[in-house]
Every structure is written in structure tokens, then in C-alpha cells.
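Enquirer: Next up is a structure, given as C-alpha cells.
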Amino acid sequence: MEAESPASAGASEPRALGTVGSIGSQLSRIRRKLFTWEILKTIALGQMLSLCICGTAITSQYLAERYRVNTPMLQSFINYCLLFLVYTVMLAFQSGSDNLLEILRRKWWKYTLLGLADVEANYLIVRAYQYTTLTSVQLLDCFGIPVLMALSWFILRARYKVIHFIAVFVCLLGVGTMVGADILAGREDNSGSDVLIGDILVLLGASLYAVSNVCEEYIVKKLSRQEFLGMVGLFGTIISGIQLLIVEYKDIARIQWDWKIALLFVAFALCMFCLYSFMPLVIKVTSATSVNLGILTADLYSLFFGLFLFEYKFSGLYILSFTVIMVGFILYCSTPTRTVEPPESSVPPVTSIGIDNLGLKLEESGLPETHSAVL
């Protein structure tokens, strides 16, 4: 066997060092792309929303299990009343086109539909628990994410890259891991009275959530956060109040009120109010799809608190699920989506700069003489 010559050994060392340096630079570039200040801020805001949702879930579960109170519409009604008292009243004191009466005169029917979608989305998801299983609700609720992406594509003209679809798949994989942990931990006790009806309710509720979130992103970015919250507070209060009298008046009459139940209602309403107030701020700097991926961890926070409050069984898959969801969320946020502007006519409007000015601009741009002659 021939010995390696000193020249060839000396040549291989720079190649090896160059390979190591190249890998190190790539890893450094990936780290700078995935862990920027903007992404960390987005993660923090998304988890703040998840904690608000966790608060609503824990208070609702306490009301249902400890005090036998199942009034989701009443709880939503209180939240809409708070939005009305804060944001709708603020709109009433605005002037010009931002005034409440002016908005109602021009767009009342649009906000009626938006309020209806928001109220029914909340109601259908909660009602589905009476018919189907926890696993079905957790899995089918994710149906809202592809619906949201499709609506954003056509309505908001958002354009996605391959990394975004991979990130969504990773997040949904994390949800599947969470559902598997629930089954192994024995949380899947209720088989449901009519699974098909419950699954349909979840799909409808998730779709309405997607519609509401797309409208929210459009209004927040094109108009104002205050207008969105004020209109949702107004029409949400009216619609949920009417539905409350129709479907829950008997349940409300059976409540044995005391300070603990009242405190749980207040805690739920405050968590929902914070969720509705902060979500437009997060959507404005990110997107509705990004926010919905970030709040997939809300169920996991509820499970972690449930270990102490409701004696849930712990599973290491919960930690794995949280990690997988966060990896997918970071991947999605690492590459911004692109927005396509609506096509416009390539012929410049004559009234804006005039024929003479247009000719001068073309000449200054160094275009061929024939173009100027035509003008």
C-alpha cells in the first residue's frame, strides 16, 4: 500500500477545512433566518393569545365540571357586551367616515354577516362536544387552516411558498401527536351521542372561524382595528343576545349563582376580551394563517394546567407535540408570504400627468425615439 504523499495530504486539509467552514456558515445563516427578533416577537405574541384561549378553556371546564353550568352563548354574550361598551362606544364618538352611524350606513349588511359568522363559529365548536369526541374536535378543528389559506389566496391575494405548506404539515403533525397523547392518557372517555352530527358541526365552525379571521385581517390591514372590534361588538351582542334567549334561557334559569360562579364568568369574559383585543394587533404584523398556527398550542397549555387542576395524566408526547408545533410555526414565520396586487391597466391614465408630460417622461427614461414620435 502506497503512503500518501505530503503534497496530497496538504491539499486535502484545506478542502476539509473549507467544507467545515461552509457547513458552519450555512448553519449560521439558517440560525439568523429562523431566530430573528421579528420571529421571536411573533412567537411571543402568538403564545400570549394561546394563554388567553387556555384561560377560556379552563374557566369553561370549571363551570361545566364543578358547577354543572353549560352556557357557552351566555359567556360569549358577556364578551360581546364588553367589546360593545369599549370599542363600539369609541366609534360613536369618532367623526367623519369613521363614525359609527356612517359605517352602519355604508356597510351594515357586511358587518351583520361577519358578526353572524363569528358568533356561530364559537357556538358550533362548543356544541359539537355534546355529539362527538374530543379527538374529533381537536383534529377536525384544524380544517380551518387550509380553508383560511384558500380564502387568503383568493380574497387577500396571498401567495405561499413550498416552505409554508411544509410548515403547516409539521404543525398538523404536532396536533396529531397531541391527540395520540390524549388517547394514551385516557382522556378519550366520551364516545359521543351522534358522531356524524358533531363532526359536521366542527367542520362548519372551523370554516366560519376561517371566514371571520380573513375578514379580520382585511379590515385590520385596510381599515382599522377599532372598526373591526366595534362592529363585531355591536352585531355580536345583538345576534348572541337573540340566540341566548332562544337556546339557553332554561340553562341560565337553573344556575345557582354564588361568588365563585360569578368570578369564573368574569375570568372567562376577561380572557375572551383580551383575546379579541390583542388578536388584531398580532394579525396586523403577521397574518391570520400565522396566528392560527401559533394558537395550536392553546390545547397543550390547557393540558399542562389540567395536570394540576383536573388531575390529568402526563405524557411525554405532550412535550413532543408542543415542540413539533413550535418548529412548524417558526418555519412558517421564517419566510414571509407574498401579496399579489390586483392587475391594473398598463396604459397610464391621461388625466394624471397629461400627454405632454408623458412624452417628456418617456424621453427622460431613454426610450427609443420611435416611442416619443408615436406620442
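In case you wondered, yes, glycine gets a Cβ from its N, Cα and C as well.
Feature list, courtesy of TrEMBL:
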- 39-64: transmembrane segment (TRANSMEM)
- 76-96: transmembrane segment (TRANSMEM)
- 137-156: transmembrane segment (TRANSMEM)
- 163-184: transmembrane segment (TRANSMEM)
- 196-216: transmembrane segment (TRANSMEM)
- 228-247: transmembrane segment (TRANSMEM)
- 259-279: transmembrane segment (TRANSMEM)
- 291-310: transmembrane segment (TRANSMEM)
- 316-333: transmembrane segment (TRANSMEM)
Enquirer: Verify whether three or more Cβ pairs under 8 angstroms connect the transmembrane segment (163-184) with the transmembrane segment (76-96), leaving out any pair fewer than 6 apart in sequence.
Expert: no
Enquirer: Using a threshold of three or more Cβ pairs below 8 Å, and leaving out pairs closer than 6 in sequence, do the transmembrane segment (228-247) and the transmembrane segment (39-64) count as in contact?
Expert: no
Enquirer: Using a Cβ cut-off of under 8 Å, list the residues of the same chain at least 6 residues beyond the transmembrane segment (228-247) that approach it.
Expert: 73-74, 76-77, 79-88, 90-91, 100, 103, 107, 111-112, 114-116, 118-119, 123, 215-216, 219-220, 276-277, 280
Enquirer: Quick one: find which recorded stretch in 137-156, 196-216, 259-279, 291-310, 316-333 has the most Cβ pairs under 8 Å with the transmembrane segment (163-184).
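Expert: By Cβ pairs under 8 Å, 316-333 leads among 137-156, 196-216, 259-279, 291-310, 316-333.
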Enquirer: Sequence-remote contacts (6 or more beyond its ends) of the transmembrane segment (316-333), Cβ cut-off under 8 Å?
Expert: 34-35, 38-39, 42-43, 46, 163-164, 166-175, 177-178, 180-181, 184, 286, 289-290, 293-294, 296-297, 300, 303-304
Enquirer: Please give the sequence-distant neighbours of the transmembrane segment (137-156): residues at least 6 beyond its ends with Cβ less than 8 Å from one of its Cβ atoms.
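Expert: Here the qualifying positions are 125, 128-129, 168, 171-172, 175-176, 178-179, 182, 198-199, 202-203, 205-207, 209-211, 213-214, 217-218, 287-289, 292-293, 296, 299, 339.
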